[in-house]
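Colleague: One structure, as structure tokens, below. Some questions next.
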């Protein structure tokens with residue numbers, strides 16, 4: 001029998017080779033957890049002691065989840081996908097990554113889900129990187145005051161409730177009052193700026209649909225395509241059929257895509273349609289995660305849900321590229337109750353609100369903007385000088401008209417000044433009507449509102465106002481340089497006012513009413529033209545007892 005010999009040199013060399021060939025990166029540990037229970041898009045997981053808040057985790061079937069509640073013995077997880085296959089005891093692993101979405105210009109013209117995946121059947125999207133959903137909003141020193149206009153193309157808004165780039169302007173009203181229509185009109189109105197090729201004018205648009213019907217989202221996409229606006233628009237869709245977790249995340253996905261452009265020095269318009277449904281989805285998620293409910297069963301941090309989202313809309317300082325993201329959140333009220341929990345929260349966060357009234361909508365006043373209680377707190381500094389000059393008294397005149405109109409119902413005999421004021425107000429109200437998907441360029445708005453406030457329409461029958469406006473603008477396009485000068489200068493000079501005055505007076509001589517009569521004869525039959533000092537003065541009449 002051969003004698004077993006052990007050579008210390010061989011052992012030393014073997015150990016040395018092993019140590020030299022050791023690669024620490026190949027040896028790793030993985031935290032593994034198990035599903036305790038799952039249902040309604042929520043799973044409770046045991047294990048994973050090192051998991052981070054908002055970290056992505058993977059289930060054994062490949063489905064992703066988002067860690068939310070980090071408790072002592074378990075984790076509450078939002079399932080990001082189909083949750084029917086997730087069962088008790090299923091293995092769960094960490095990814096070490098927080099939730100993020102791909103970003104870049106490849107998203108323009110596309111429809112994506114809340115995870116950034118394309119759902120329009122047009123293939124993969126070329127991305128420029130990824131951006132975390134939960135990023136801090138710009139700080140105070142990173143911002144600049146709002147000073148550039150964001151024109152909607154809607155006369156009532158651009159004249160009396162102006163919006164600036166970087167502003168958060170709430171659109172609030174009951175269902176079926178035209179909230180989405182205002183948002184879509186604003187997107188369509190950016191087409192001229194996009195086609196100009198000037199990066200300082202171009203606005204990239206994001207429409208976030210939260211809990212909408214699939215047919216509604218399809219009709220919005222169709223309207224944008226028909227208007228040629230889809231090429232600079234991204235739609236983030238989380239329809240009503242999606243789990244509550246997706247509806248909760250959709251606005252953050254849209255803002256992450258927009259922030260990428262904003263920090264790149266570009267201008268962005270983002271529409272959240274609507275945040276009421278996001279709050280309801282967050283309430284459902286929170287209750288399923290067993291968080292303590294508060295007022296109306298919403299969790300205690302529902303204010304923070306919207307404030308951290310809307311604070312991302314900003315006008316950045318010149319040092320950061322001077323980009324901007326303008327937010328138009330939409331809130332749906334019930335029976336015009338703006339004092340409910342979510343509406344008051346969002347009103348306090350935003351820089352102004354546009355109230356839409358169902359009574360005005362049903363009275364065929366569309367867009368149904370209630371100018372008396374709508375306000376823009378910062379947009380006045382961004383308003384174009386020409387429209388600011390002609391619309392200075394418009395809001396006051398309409399408010400006086402409303403109060404006088406209510407009084408006139410009970411008055412059997414009104415003095416001449418009150419009758420003239422009622423006539424002027426009726427024409428101004430008619431002038432602010434506008435068809436859907438037909439935004440007005442700012443120079444056309446200036447001419448229309450100038451004609452209304454200066455009494456140029458006082459002789460025109462109310463039923464002919466919109467036709468008069470349409471034909472007047474066509475006449476100015478064909479026969480004068482007024483509109484091109486207004487577009488170029490954006491200032492109402494004395495020469496432009498004189499040219500407008502002459503052009504409008506000339507057109508009135510040619511215009512015929514719907515009855516085929518010359519305008520001059522109709523005006524003299526009905527009432528005398530109103531004097532500015534009479535119309536601008538509100539009269540109060542006291543009856544003797």
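Including glycine, each Cβ sits where the backbone N, Cα and C put it.
Look at Swiss-Prot and you will find 173, 174, 175, 176, 177, 178, 179, 180 tagged as ATP binding site. According to Swiss-Prot, the site 'Required for activity' annotation covers 374.
Surface or core, plus neighbours and distances: that's what I need for these features.
Modeller: Under 8 Å, Cβ to Cβ, and six or more positions away along its own chain, residue 174 (ATP binding site) finds 332, 333, 334, 335, 336, 356, 358.
Secondary structure from DSSP puts residue 374 (site 'Required for activity') in coil.
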Colleague: For residue 180 (ATP binding site), what is the tally of other C-beta atoms lying within 10 angstroms of its C-beta?
Modeller: 22
Colleague: Measure from the CA atom of residue 374 (site 'Required for activity') to the CA atom of residue 178 (ATP binding site) and give the result in Å, rounded to a whole number.
Modeller: 15
Colleague: Please determine which of the binding-site residues listed here (176, 177) has the lowest count of neighbouring CB atoms within 10 Å.
Modeller: 176
Colleague: For the ATP site (173, 174, 175, 176, 177, 178, 179, 180), what does the 8 A shell look like? I mean other same-chain residues with CB within 8 A of the CB centroid.
Modeller: 332, 356, 358, 361, 368
Colleague: What is the interatomic distance between the Cα atoms of residue 176 (ATP binding site) and residue 374 (site 'Required for activity'), given in whole Å?
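Modeller: About 18 Å separate the Cα atoms of these two residues.
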Colleague: Rounded to the nearest angstrom, how far is the Cα of residue 173 (ATP binding site) from the Cα of residue 374 (site 'Required for activity')?
Modeller: 11
Colleague: So how many other Cβ atoms are close to residue 173 (ATP binding site), meaning within 10 Å of its Cβ?
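Modeller: Taking every protein chain into account, the count is 27.
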Colleague: Can you tell which of 175, 179 has the most other C-beta atoms within 10 Å, given these are the binding-site residues?
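Modeller: In terms of Cβ crowding, the pick is 179.
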